[in-house]
Structure formats: structure tokens, C-alpha cells
Amino acid sequence: MDMKAHYIDGAMHLGCSEEHFTTYNPANGEPLANVKQANQQDMQAAIESAKRGFAIWSAMTATERSRILLKAVALLRERNDELAALEVADTGKPIQEANCVDIATGADVIEYYAGLAPSMHGEQQPLNESQFFYTRREPLGICAGIGAWNYPIQIAMWKSAPALAAGNAMIFKPSEETPLTALKLAEIYSEAGLPDGVFNVIQGDYRVGQMLTAHPDIAKVSFTGESGTGKVVMGDSAATLKQVTMELGGKSPMIIFDDAKLDDAVSAAMVANFYTQGEVCTHGTRVFVHEGIYDEFVVQLKKRTELLVVGDPLDEQTQIGALISKEHESKVLSAIEQAKASKATLLTGGYKVTENGLASGNFVVPTVFIDCEDDMPHVQQEIFGPVMSVLKFSDEDEVIARANNTDYGLAAGVFTQNLSRAHRVIHQIQAGICWINTWGDSPAEMPVGGYKLSGIGRENGVETLTHYTQTKSVLVHLGDFDSPYA
């Protein structure tokens with residue numbers, strides 16, 4: 001079996017450690033590769049490489065950087081199918097998703113920031129006849145990206161795109177569950193002309209993350225993951241006053257009013273709970289349905305959910321793939337059993353899929369609980385699997401209060417034909433990413449991130465460039481210096 005490791009200084013780097021771990025295919029439990037665990041020597045090699053790369057990259061013009069990033073975009077799109085197949089093997093998600101979303105949307109973000117790079121500028125303001133000041137937006141230096149396992153290559157692109165466009169270098173640590181596609185991205189960056197050391201990949205578990213957050217030469221950490229780990233990352237980064245942005249967990253509300261287009265609302269609820277087998281932080285797992293359409297909604301939801309195809313992720317017909325690991329599958333099934341023991345009603349699903357040759361994989365059937373209450377554990381806690389909670393509401397003020405009754409604040413959505421109500425409600429929801437009459441779209445131009453325990457800072461959009469630059473102010477005096485001393 002192949003031994004994978006790190007990507008440092010423009011080349012694969014087997015590393016200095018003998019320790020390694022194995023990554024498995026979630027769909028069948030078969031090993032994909034052995035991967036070296038980084039140690040301090042590997043980390044320092046990546047740091048020194050990034051320093052050299054940063055010196056070259058930051059000295060290039062923004063237009064030169066843009067051309068290289070656009071070349072990477074072309075290569076990514078050219079190799080979309082190859083990268084998607086590898087992503088499916090590593091994550092267990094359906095190929096129909098990976099083929100059209102994961103690489104494509106990541107490449108869109110790189111293209112977006114490549115376009116913005118030459119337009120980055122400071123300000124200039126005259127103060128009086130002999131003085132003016134100007135500002136420069138300068139790169140931070142070496143940035144660390146710590147990725148999650150649900151969208152490995154997309155997250156690597158989302159984090160590296162603004163960092164590189166602004167002139168920084170990046171050391172990226174993928175999740176140990178999904179270590180493979182970040183290496184392919186690094187190779188593509190190099191092929192596109194990125195100077196050696198500007199994008200390094202270093203592999204391993206939480207210990208590697210701790211090395212990154214503790215290292216004094218890392219200027220910024222961008223983390224995607226669950227909220228508890230985010231608190232640790234932020235605490236560790238505080239010792240050296242690193243800039244931190246993080247996109248964390250959620251338990252997002254979807255609010256469906258009685259005038260909503262019912263077919264659209266059911267479709268959106270399914271996408272917002274079952275896409276990528278439920279392993280999406282922005283999923284709308286608390287579905288609030290107005291009492292006037294509740295029964296009809298439930299009937300349609302049950303019928304359509306039971307038509308979803310669970311199967312081999314490489315089969316184009318498969319709509320629901322495999323959960324990332326046996327451990328995570330066990331966690332999801334445990335949450336389902338806890339929900340079964342509550343006063344909620346199991347509408348459909350609620351079990352591990354074992355037929356049709358799927359027993360060796362981590363497959364859980366799409367599951368819906370109705371008649372849920374706000375204080376039930378499966379309603380309050382992030383499950384990160386294909387588990388939907390449906391709750392009934394009667395009026396606008398009530399549902400707003402209930403929707404906000406959570407420590408999370410990542411996403412929210414409203415379905416109604418009354419646009420005044422749609423905007424009125426959305427403006428009162430405590431969430432950073434909101435949709436009206438749709439769910440899940442995240443274009444490169446739109447900043448995304450959470451309120452409360454769902455994160456700090458934003459990814460994508462113009463705003464994100466402020467997280468990867470620092471402002472230098474320069475005051476210029478044109479006359480003689482008027483000293484207060486003789």
C-alpha cells in the first residue's frame with residue numbers, strides 16, 4: 001500500500017517520523033493509504049520552506065500572482081473528474097456531488113480571488129498643505145489552514161485562495177480522516193508556477209494542529225471544524241497573538257411558513273439535511289413548519305425521503321453516501337437511538353444500511369423525527385449525519401424566539417411568498433449565513449461565517465481579504481521638521 005506524507009518546498013516529502021496512520025474508504029472499510037504523521041522536524045522544514053516561499057511570492061506583483069492562480073484554476077477544472085473520484089474514495093460522498101460541487105466551487109473561489117488580487121489597494125488622504133498619509137495592505141506572512149473532513153479539497157482551496165492572493169504563504173493541515181486531495185492541490189499549485197514553499201501540506205492528527213497554533217512564525221490560523229476544537233485552537237493561538245478565523249458547527253433553523261411553495265420547501269429540507277449524508281455544518285437540521293401545512297409537509301417529506309438512493313458512492317445514481325468513519329457512524333446511530341427514546345415520533349429511517357453489499361461501509365438511512373420539542377437532545381446537539389428534526393410552530397414571534405434558542409448561529413433559512421415577512425424574520429435570526437426560498441448556495445462572492453459558537457471571521461467575499469492582510473499607515477511630511485527642542 002502506498003505511503004503518503006507531506007508536501008514541502010514544492011515536492012513530496014516523506015518526513016522524519018516513523019509514525020504513520022491509515023486512511024480508509026468509508027464505503028467499504030478498505031485501506032486507501034498509509035500516511036506519515038508529522039513531527040517537529042517536519043513542521044520546522046515546512047516553516048523554513050514557507051519563509052523562503054513567502055519572500056519570493058510577496059515580492060511579486062499582484063498581477064503576476066493572479067496569473068499563476070488562474071493557471072491553477074484551469075488545471076483544477078481540467079482534472080475535475082480525477083480529483084472528484086479521489087475525494088469520493090476518501091470521504092464516502094456520492095460522485096454526483098463531488099463531480100459538480102467540490103472541485104468546481106473551490107476553483108471558483110480561487111478564480112474570484114485571482115481577480116481581486118490586482119485591485120487590492122490602500123487609501124491616501126491629505127491632512128494639510130505639507131502632510132498626507134497613505135496606507136498599504138500588506139500580507140501577514142505564513143498562514144496556517146486547518147481543514148475538516150467533509151469537504152477536504154474545497155476547504156483547502158477556500159483557505160488558500162485569499163491567503164495566496166494577498167501574498168501570504170500557507171501551511172495546510174488536512175484532517176487525518178481525509179489527507180489525500182490536499183496533496184493533489186499542492187501539486188497543481190506547483191505545476192501552475194507557484195514558488196516552492198508557498199503552499200505546503202503537513203499531515204497528522206491534533207498534535208500537528210497544536211504545533212501550528214503554537215509556532216511563533218505562524219501569523220494567522222484559519223480553522224474549520226467543531227466548536228469545542230475551535231475553542232482549543234483559539235486558546236492555543238492566543239499565546240502568540242495570532243489572528244484567528246474559524247468556521248465551526250451549527251444547528252441551523254429552517255422556517256417554513258404556511259404560504260411557502262410546499263414542493264420547494266420539502267426539497268430544501270431534504271437538501272439541508274441529507275446532502276453529503278448530513279455531514280455539512282450549515283445544514284438546517286431544525287425544520288420549523290407552520291401548523292397550517294404541517295401534516296401535508298410531513299406526508300410529502302416521508303414519501304420523498306424514502307425514495308432517496310443509498311448506495312455505492314461511485315454509482316452515479318447514488319444520492320446518499322457513507323459516513324466518514326465507523327466511529328462517526330456509531331455516534332450518529334447513538335443519537336438516533338436517543339431520539340427514539342424521546343417523545344419525538346420516528347417518521348422514517350433510523351437504522352444502519354446493511355443490504356445490497358453495504359454492510360462493510362458506514363451507511364445510515366436518511367432519518368426524520370417529527371413532533372420534536374426544542375429541548376430534546378437531538379434537536380439541540382449537532383449530530384452531523386442524515387437526521388432531520390421537524391418542529392411545529394404557530395406564529396412569527398414564537399418561531400423567531402425558538403429558532404434563536406441555540407448556542408449556534410451559523411445558518412438559517414425562511415420559506416414564504418411574503419417577501420416583507422421573509423426579510424423581517426431573517427433580520428431577527430441570529431445567524432451569519434441566511435437564505436430566503438433556497439438553501440445551501442455559497443457563491444465565491446458571498447462572505448460566509450457564523451455568529452455565537454459557530455465561528456469568528458468570514459470566508460469568501462471581499463471581506464475575507466481583511467483577514468489575510470495588515471494595514472501599514474505611512475505619514476509623509478513635505479516641509480521642514482518643526483522640532484520642539486532647540
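Please read every residue number as a count from 1 along the shown chain.
Placed from the backbone N, Cα and C atoms, the Cβ positions cover glycine too.
Taken residue by residue with DSSP, Lys159 (active site, charge relay system) is part of a helix. As annotated by Swiss-Prot, active site, charge relay system applies to Lys159 (among others).
Feature annotation from Swiss-Prot assigns active site, proton acceptor to Glu247. In the three-state DSSP reading, Glu247 (active site, proton acceptor) counts as strand. A 10 Å cutoff on Cβ-Cβ distances gives Glu247 (active site, proton acceptor) a total of 28 other Cβ atoms nearby, all chains included.
Other Cβ atoms within 10 Å of the Cβ of Cys281 (active site, nucleophile), summed over all protein chains shown, number 26. Annotation note: Cys281 (active site, nucleophile) sits in a coil segment as assigned by DSSP. Look at Swiss-Prot and you will find Cys281 tagged as active site, nucleophile, backed by sequence analysis.
Reduced to three states, the DSSP call for Glu459 (active site, charge relay system) is strand. Taken from Swiss-Prot, the feature active site, charge relay system covers Glu459 (among others).
Proximity of Asp90 (K(+) 1 binding site) to non-local residues of its own chain (separation of 6 or more, Cβ distance below 8 Å) is seen for Thr23, Asn25, Leu32, Pro152, Glu177, Thr178, Pro179, Leu180, Thr181, given in sequence order. Annotated K(+) 1 binding site per Swiss-Prot: Thr23, Asp90, in sequence order, evidence recorded as sequence analysis.
Annotation source Swiss-Prot lists NAD(+) binding site at Gly147, Ala148, Trp149, Lys173, Pro174, Ser175, Glu176, Glu226, Ser227, Gly228, Thr229, Gly249, Cys281, Glu382, citing sequence analysis. Taking all protein chains in view, 18 other C-beta atoms sit within 10 angstroms of the C-beta of Thr229 (NAD(+) binding site).
Per Swiss-Prot, the feature K(+) 2 binding site maps to Leu241, Lys452, Gly455. If you take the C-beta of Gly455 (K(+) 2 binding site) and look for same-chain residues 6 or more apart in sequence within under 8 angstroms, you find Gly230, Thr245, Met246, Glu247, Leu248, Leu410, Gly432, Gly449.
Annotation comment: Swiss-Prot describes Cys281 as cysteine sulfenic acid (-SOH).
Under the three-state DSSP scheme, Lys452 (K(+) 2 binding site) falls in the strand class. Within 10 Å of the C-beta of Leu241 (K(+) 2 binding site) there are 8 other C-beta atoms, taking all protein chains into account. Nearest neighbour of Lys452 (K(+) 2 binding site) by Cα distance, taken over the recorded positions Pro174, Ser227, Glu459: Ser227. Across the fold, the C-alpha of Trp149 (NAD(+) binding site) and the C-alpha of Cys281 (active site, nucleophile) stand 11 Å from each other.
Other Cβ atoms within 10 Å of the Cβ of Pro174 (NAD(+) binding site) number 28 in total over all chains. Taking the Cα of Thr229 (NAD(+) binding site) as the reference point, the closest of the recorded positions Lys159, Leu241, Cys281, Glu459 is Cys281.
Most other Cβ atoms within 10 A: among the recorded positions Lys159, Lys452, that distinction falls to Lys159.
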